[in-house]
Structure formats: structure tokens, C-alpha cells
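Shown next, in C-alpha cells, is the structure this report addresses.
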Amino acid sequence: MAMEYEPIKPYADDLEDSVYTQEKHFSIDIDIIGNAEKIQDDDGSKNLNQLAFRISDPNIANKGNESPFIPASNSTNLPLHRQQPPQHRLISLDVFRGLTVVLMILVDDVGGILPAINHSPWNGLTLADYVMPFFLFIVGVSLGLTYKRVSCRVNATRKAILRALKLLILGIFLQGGFFHGLNNLTYGMDIQQMRLMGILQRIAIAYLVAALCEIWLKGNDHVTSQLALLRKYQFQWLAASVLTVIYISLLYGLYVPTWQYQIPDATSSSAPKTFSVKCGVRGDTGPACNVVGMIDRKILGIQHLYRKPVFERTKQCSINSPDYGPLPSDAPAWCQAPFEPEGLLSSVMAMVTCLVGLHYGHIIVHFKDHADRIRLWLIPSSAFLVLGLALDIFGMHINKALYTFSYMCVTASAAGFLFAGIYLLVDIHGYRGMTLVLEWMGKHALVIYILAACNIIPIVIQGFYWKQPQNNILSLIGIGR
């Protein structure tokens, strides 16, 4: 199903008030990147039962250019006071989502061949490092449109929690190790060793926090200016500031002691090797002694962390850096340690990215003029860019693995600029022909993610072989060897 947004074309405020006095708020099940699964009446009211029943039918909604709120077959048969005005989908958000999916597939499949576009081994920013913040930003924008009007906060909260839980469970299933991968045609999950966090889990957490902020932390002020917009959502900005202060305080304030980890010895059946990582420091942001890793080891357990972290491609840990490679002879003890790139503390700043996207969604809701929207998007985007680069120069490095504040600023800025550019191209100037594929991918992002990014399609194809499992289609073209 598709997500319905605020009409894009500008119209007078008095017309908007008169048209929408009887409009009901429809909440939307959000998937991985803000896609919509179905539309539901948020307060469970029976006033529009007949209409709500017809909207919930996936065979009716979104046919051609007709309004998805009114079935073409008998919309004219509805009483005049129950007919909804035409709604225009915000195409640029679908295109942005589809472009991010393409970027994700590109860096996943080509990153091994071109390490320059793969995730940065530690500090720095590459093409792959924009994928996660873009998804979070899109979720935030979608939430601003979804919860434009909330008739029952308790009911909306319950539904938001259920959606987050569904996404969390799906993430654990897909990324916890149930499918062992291209090189191992088995399946099943060792609960003692499964990975607890991941991309979908982080998005679920950020989605829930941003949704609760949008449901509970906004005023009733009528927005007529940028200042009024900030005043209406001042408590959401306060929440973002508190999360940022908590993250920075913990990252630079907590003491990290010396710690140990074990890995099996591949050359023998003897006891696992034990490695000791000497720390005893405070405020370190290197791979070995940072607070982000320490919190994950303490709370999640080191056996539940990701076992192929990006710092294995640093010069200290790979002779082929920035690609994976054999360990140097003088490699430090931490090179083979597990590390969770979507960890607990780093997810705090991911929530802030989602809240930033929420602000961009508010601009769509409250400002109807294209020029106003573009201007109000470019101002914070420029400020975030300057702030992020300045922080990096003064020592708070841009780092995706830690999701530093400087990284959040620069990537949120990039998302804002890109979203404004796509909006200008697609929704204002109407260049949709060149973006139809991206638009389609944006509407089916979760399915594409599961099938492509989680290797479901390659694993299924690899399951068909000739006489021996090694004689499969993928092995013939060099995949999964």
C-alpha cells in the first residue's frame, strides 16, 4: 500500500481549514524505510466505516491517478460531506527512498570490488556511510506526514509500539544468523550466538522514539512562520538536544577498562584463544577502547555482536587496507574482536537523525509554497554541514561505526540537500519519467531489502545445484565461492 501525504500544490489556508474540518487521521504501518503497508483509522471510529473498509482494500487503493482515498467505482455515490478532496502523493520521498535502496545494493555488491565506496574502516566518510542516515531521515519525514493529525494519542502509541516490535523481530530473524550465508547452505539460529542488533533493529528503535515524540511532544500553535514552527515543536528539539548531550557525555566521560575476548582456534580443536585489549582510558574514540563498544559488550554480551567489523580493514589489521586482508605480523589484539556497528549507544544519535527528518516533514505539513519549503530545508541543511565539518576539524571525527555527532550533522545535511533537489526535480518540475524505477523501488523498499540486501534471492538460487552443492548457478559466475 502507498502512503498518502499532504497535497503538494499550494492552496490557501482558509480553503485548507474548511476542507479538512471533517478529515479523519489515518495512521500508516511503517516498514524499514517508511513505506506503508496499510491505512487504518487511528481512533477506531466507526463514523467512516464504509469508506475505511474500502481504503483498506489493497486492490482498490492507488489505481492510476485517482485519489487513493476514494475508489473510482463509486466515490461519487458517497454523500458530499463524506467525499475526500484529491490527495497527491509526495513522489520525491518515494524517489529518495528508491535511490537509497539502489545505493545500498550498490555498495553491498560492489563495495568488495571497490573498497573506496565501501564503509570507511574507521574515521572518515564514504558513499556507503550515507545509506543508514538516509533511511533514518526518510523515516522521520514520513512520520511527520503520518502523524499530521492524531485523534487518539494512546491508540496511536499502541500502534507505533506494535509496528516497532514487528520490525525488530523481523530484523533479528534476518540479521541474527538464521540464514548462514552464501558459503554455507544451511539455516537455523544459535540463540547463544545470534546477533541482537542490526539495520532493521536500529530503524525500529529510532522510529519508535520519533513516533512517540511526534504523538506526544507537539503544541497546538498555528504555524505561520519559521519561529512559530520551532515553537510548536520545541519539545521535540529539546528531546533531540537531550539525546545528543547524553551521547556525548557517555562517549567522552565513561572510563573503559582493559577487556578480553575469545575466538576459536581454526587450526586445532583446543581451547579458544584469549586476547586481552589494554585500555584503562577515558574519552578514546579508536576501535579498541571506545565507550560504544564497551556498552554493547556489557549489555548485549560480546557473543551477540557483529563478528566482521569494519576496523578489520584498517592499516593496523589488514595488509590490504582499505580492503580486507591477512593480519600484519604486528597486528594489535583488538583486530579480531566483535564490534556492533548498530549498537545501543550509537543508536542514540540515529534517533536524532530521525528527529531531524521529522522536522523536514513538518515543513511539508505547514508550508504549502514550494519556495518556502526549499528555503526552510536548505537553511538547516547548510547549518548542519558547517557544524559537522567544524566538529571534525576540532577533533570530533566523522565516524559511522560510532555514529558521532559530527557524522550525524554531515549526513543529515546531505540528506536534506538531496531531498530538496529531488523535490525540485520531481514534484515541482515534474520530471518523473527518469525516476519511475526509483519511485517503484521506493514503494517496495522493504521487500527489495529482504530479497536483495539480505541475500535471500542468492541463497534461494544457490539451493538449486547439479549433483553437488558446489555446482550451482552462482558458483558458475563466481558468487558465493
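Cβ coordinates are placed from backbone N, Cα and C, and glycine is handled just like the others.
Positions annotated as domain 'Heparan-alpha-glucosaminide N-acetyltransferase catalytic' by TrEMBL: 89-221. The transmembrane segment annotation in TrEMBL covers 90-107, 127-148, 160-179, 199-217, 237-255, 344-365, 377-398, 404-426, 446-466.
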Same-chain Cβ contacts of the transmembrane segment (199-217) under 8 Å, 6 or more residues past its ends? 30, 32-33, 132, 135-136, 139-140, 143-144, 147, 150, 153, 156-157, 160-161, 163-165, 167-168, 170-172, 174-175, 233, 235-236, 239, 342, 347, 350-351, 353-355, 357-358
The domain 'Heparan-alpha-glucosaminide N-acetyltransferase catalytic' (89-221): DSSP-derived helix, strand, coil residue counts: 84 helix, 3 strand, 46 coil
The predicted model's mean pLDDT over the domain 'Heparan-alpha-glucosaminide N-acetyltransferase catalytic' (89-221) is 90
Look over the recorded stretches 127-148, 344-365, 377-398, 446-466 and say which has the most C-beta pairs under 8 A to the transmembrane segment (237-255). 344-365
Distal contacts, the transmembrane segment (377-398) - CB-CB under 8 A, six or more residues away: 123-125, 285, 356, 359-360, 363, 404-410, 412-414, 416-417, 419-420, 423
Apart from its near flanks, which chain residues at least 6 from the ends of the transmembrane segment (127-148) lie with a Cβ under 8 angstroms of it? 3, 5-6, 25, 27-28, 30, 32-34, 90, 93, 96-97, 100, 103-104, 106-107, 111, 117-120, 156, 199, 202-203, 206-207, 210-211, 214-215, 342, 350, 353-362, 364-365, 400, 407-408, 411-412, 414-416, 418-419
